[in-house]
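Student: Take a look at the following structure, please.
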Amino acid sequence: MLMPFLLVFCSRAIKTNQDLLPETPWIHIFYNDFWGTLLTHSGSHKSYRPLCTLSFRINHALGGMDPWGYHLVNVLLHAAVTGLFTNFSRILFGDGYWTLIAGLLFASHPIHTEAVAGVVGRADIGACLFFLLSLMCYVKHCSTRGSSPSAWGWILGAGLCAGCSMLWKEQGVTVLAISAVYDIFVFHRLKMHQIISALYKRKNLTLFFSIGLLTSWGTALLGVRLYWMGNKPPSFSNSDNPAADSDSFLTRTLTFFYLPAKNLWLLLCPDTLSFDWSMDAVPLLKAVSDWRNLHTVAFYAGLLLLAYFSLKGSSNEREHSGKTVMNGKQNANGHSCHSEMEYKTLEVKSSLASKEENGLKKHEIHKLQLPSTENIVILSLSLLIVPFVPATNLFFYVGFVIAERVLYVPSMGFCLLVTVGVRALHVKAQKRFLKNLVFCSTAALIVFYGLKTVVRNGDWQNEEMLYRSGIKVNPAKAWGNLGNVLKSQSKISEAESAYRNALYYRSNMADMLYNLGLLLQENSRFSEALHYYKLAIGSRPTLASAYLNTGIILMNQGKTEEARRTFVKCSEIPDENLKDPHAHKSSVTSCLYNLGKLFHEQGHYEVRLQICL
């Protein structure tokens with residue numbers, strides 16, 4: 001959980017976001033996307049996260065642009081999420097050290113660095129916080145259902161927290177599906193073949209009523225969300241998600257199937273991390289012969305086998321010598337009373353009957369029983385997969401290839417899977433040496449994750465270190481951003497070299513061509529600057545700022561007619577499908593001003609007056 005003191009601002013989400021300013025009515029937050037663009041605008045990112053934006057606005061009101069306050073909130077949120085996750089793990093593993101292991105795995109995992117150290121990662125942390133609050137409320141609903149009127153208050157709380165989670169980030173709504181999985185497979189311990197037959201049993205009516213409420217609420221949330229964003233999906237550039245823009249169905253299919261395997265590898269072995277995985281950071285899979293397809297096959301085969309054996313194992317009714325198989329009995333040291341791979345214990349039915357006779361209610365007896373290994377695996381797989389589904393391009397294309405912050409919520413399922421797997425190995429081991437080996441290996445994994453997190457935090461100390469760390473993964477984007485940083489430090493020659501390195505890897509980046517042109521213009525190298533501005537316009541004909549600066553250079557060179565045509569063309573560019581319409585309008589306004597100035601210098605006062613009006 002160690003995080004750097006400094007952090008990197010996302011310019012559009014914080015620095016240039018008008019929704020954070022006190023003069024902007026706060027109600028605008030609920031009509032604009034995460035970047036301050038009207039949600040129904042054709043160029044909107046469609047990322048509707050008003051609660052996260054509201055937290056940024058509070059930060060801005062209290063401390064302006066001082067990064068310390070933003071960082072403090074992120075760390076506190078991460079600490080709260082870690083505590084809630086550990087508390088939830090206790091429901092699955094009891095009070096032994098397995099719960100501690102699950103919590104430590106989550107707290108130390110390096111994949112969380114971007115979400116906590118990067119300001120915009122707060123969307124994922126906040127969504128995870130309310131995700132867990134919703135899940136805990138539903139757990140409370142399950143344990144009190146049928147015995148207390150407050151049970152329906154708990155499910156109301158679960159629904160409200162799920163809505164808040166979605167308003168922090170879209171994937172938060174998936175907690176409703178996780179709650180249903182918990183109710184069916186963990187709390188009620190139903191087997192796959194029992195789900196349909198359970199519909200006809202009167203005692204399960206409350207279960208399916210609860211599932212119906214979850215389904216209805218989830219449908220309502222998604223419906224309102226789709227309506228509020230104008231019933232249109234977002235559009236992204238080729239560099240954001242190259243596979244989505246590919247004309248080849250085979251390329252799109254192979255790449256999209258491979259990306260989840262790549263994400264799982266980042267969870268398993270977070271050795272190579274990057275602030276940005278767009279563009280060519282993950283080369284497209286264009287043929288079946290690509291060796292990376294083996295990773296895809298291994299990934300899906302492993303998931304299917306794990307799910308199959310878990311569901312198959314939970315469908316076996318186990319009885320032994322008149323005793324019912326129960327889970328959760330532990331001795332004082334946290335070890336199982338019986339050495340079964342499934343980590344189950346045996347309790348005599350008569351003992352439960354006697355407890356009930358002594359006034360202990362059935363739902364209270366249920367609390368004493370921990371879920372079986374198979375139950376936990378099913379829940380863990382759901383927690384790993386379901387929150388990640390929105391990022392798979394399955395239902396709609398997303399604006400990234402890989403984003404480490406997106407794994408913040410799914411990593412909970414990963415940590416539970418690792419913990420239950422280690423526990424099963426520990427229980428199965430017959431010799432103390434093997435038990436100690438399993439335990440020490442787990443401790444070593446936690447230490448490795450913690451050390452990697454510390455190292456990764458060093459990359460996030462400032463922008464220059466962050467962008468240098470990303471050169472090996474995404475050289476084009478990293479060199480370009482590094483050029484901006486070096487320019488702000490007045491290291492002109494180094495900045496120019498960085499921009500040229502970026503263009504070496506990707507020559508058609510309009511922003512980079514424009515930035516290099518701007519650098520050259522500011523250093524009075526006007527002819528070279530004009531060359532790169534024209535290349536930028538050729539790469540992106542809607543880049544108004546490139547037209548503006550081109551016109552200014554032409555006007556200063558006395559090429560008034562060419563400058564006039566450039567300004568006029570800039571003023572005619574619509575803001576449709578543009579990601580930053582505010583910046584575009586600012587450039588267009590400047591173009592009109594310079595056009596008016598040009599007419600004034602030529603003595604065309606009436607034309608200048610019409611432009612101003």
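Here the Cβ of each residue, glycine as well, is placed from N, Cα and C on the backbone.
Note that TrEMBL annotation is computational and uncurated.
Pulled these features from TrEMBL for this protein:
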type	residues	note
TRANSMEM	68-85	transmembrane segment
TRANSMEM	97-113	transmembrane segment
TRANSMEM	119-139	transmembrane segment
TRANSMEM	151-168	transmembrane segment
TRANSMEM	174-192	transmembrane segment
TRANSMEM	204-228	transmembrane segment
DOMAIN	231-303	domain 'DUF1736'
TRANSMEM	294-311	transmembrane segment
TRANSMEM	376-400	transmembrane segment
TRANSMEM	406-426	transmembrane segment
TRANSMEM	433-451	transmembrane segment
REPEAT	476-509	repeat 'TPR'
REPEAT	510-543	repeat 'TPR'
REPEAT	544-577	repeat 'TPR'
Student: Mean pLDDT across the repeat 'TPR' (544-577), rounded to an integer, is what?
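Tutor: Across the repeat 'TPR' (544-577), the average pLDDT comes out at 88.
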Student: List, by number or range, the same-chain residues at least 6 past the transmembrane segment (294-311) whose CB is under 8 A from its CB atoms?
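Tutor: Distal contacts: 191-192, 254, 257-258, 260-262, 264-265, 374, 377-378, 381, 385.
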Student: Counting by DSSP secondary structure, give me helix, strand and coil numbers for the repeat 'TPR' (544-577).
Tutor: 25 helix, 0 strand, 9 coil
Student: Take the transmembrane segment (433-451) and find every residue of the same chain, 6 or more past its ends, with a Cβ under 8 Å from one of its Cβ atoms.
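Tutor: Hits for the transmembrane segment (433-451): 2, 101, 104-105, 108-110, 270, 418, 422, 425-426.
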Student: Tally the residues of the domain 'DUF1736' (231-303) by DSSP class, grouping H, G and I as helix, E and B as strand, and everything else as coil.
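Tutor: Split by secondary structure, the domain 'DUF1736' (231-303) comes out as 35 helix, 0 strand, 38 coil.
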Student: Can you tell me which parts of the same chain pack against the transmembrane segment (119-139), counting only residues 6+ beyond its ends and a CB-CB cutoff under 8 A?
Tutor: 7-10, 13-14, 34, 47, 49, 51-52, 55-56, 67, 70, 73-74, 77-78, 80-81, 84-85, 87-88, 91, 154-155, 157-162, 164-166, 168-169, 171-172, 174-176, 178-179, 182-183, 187, 214, 387, 405-406, 408-409, 412
Student: Six or more residues beyond either end and a Cβ under 8 Å away: which residues meet both conditions relative to the transmembrane segment (174-192)?
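Tutor: Result: 92, 131, 134-135, 138-139, 142-143, 158-159, 161-162, 165, 198, 204, 207, 210-211, 214-215, 217-218, 311, 314-315, 366, 371-372, 375-376, 378-379, 382-383, 386-387, 389-390, 409.
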